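Look at TrEMBL and you will find 7, 67, 140 tagged as active site. Annotated Mg(2+) 1 binding site per TrEMBL: 7, 140, in sequence order. The annotation Mg(2+) 2 binding site is assigned in TrEMBL to 67.
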């Protein structure tokens, strides 16, 4: 199974593509899509959509994984992330992908075995599980790979039952 994990944002959207064969996880590609702060929101969202379409066409995943939106103290940021998340879900739906949505707790639990793990613990495990030479940067890319790993474990037929 090939999984595309996405960490959406209007400035930086991280993505990670992994292959899952049995219990083996392999990183296929990982990077980010960056938009300019000077662009109006509609242009940023269109650029993000087109970037995700390119990733979907290039790597042809069968599954798409994304974190569920959670509200933080900054409502403006949450709304912007929600818009980026909507664009990502649209790209997945238009490609006919199976979509998995996971809470941050589920992602941390699946990747580290501990739902309250810190960012550095998650990044360390992403690097270890995928046998990467270094922790992917920026953080959004490592987060996207973590979501893809979570999906590999938690999706129907995955190696574990998730929270």
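Every residue, even glycine, has its Cβ placed from backbone N, Cα and C.
Structural mapping of features recorded in TrEMBL.
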residue	record	DSSP class
7	active site	strand
67	active site	strand
140	Mg(2+) 1 binding site	helix
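Ranked by Cβ neighbours within 10 A across all protein chains shown, the recorded positions 7, 67, 140 are led by 7.
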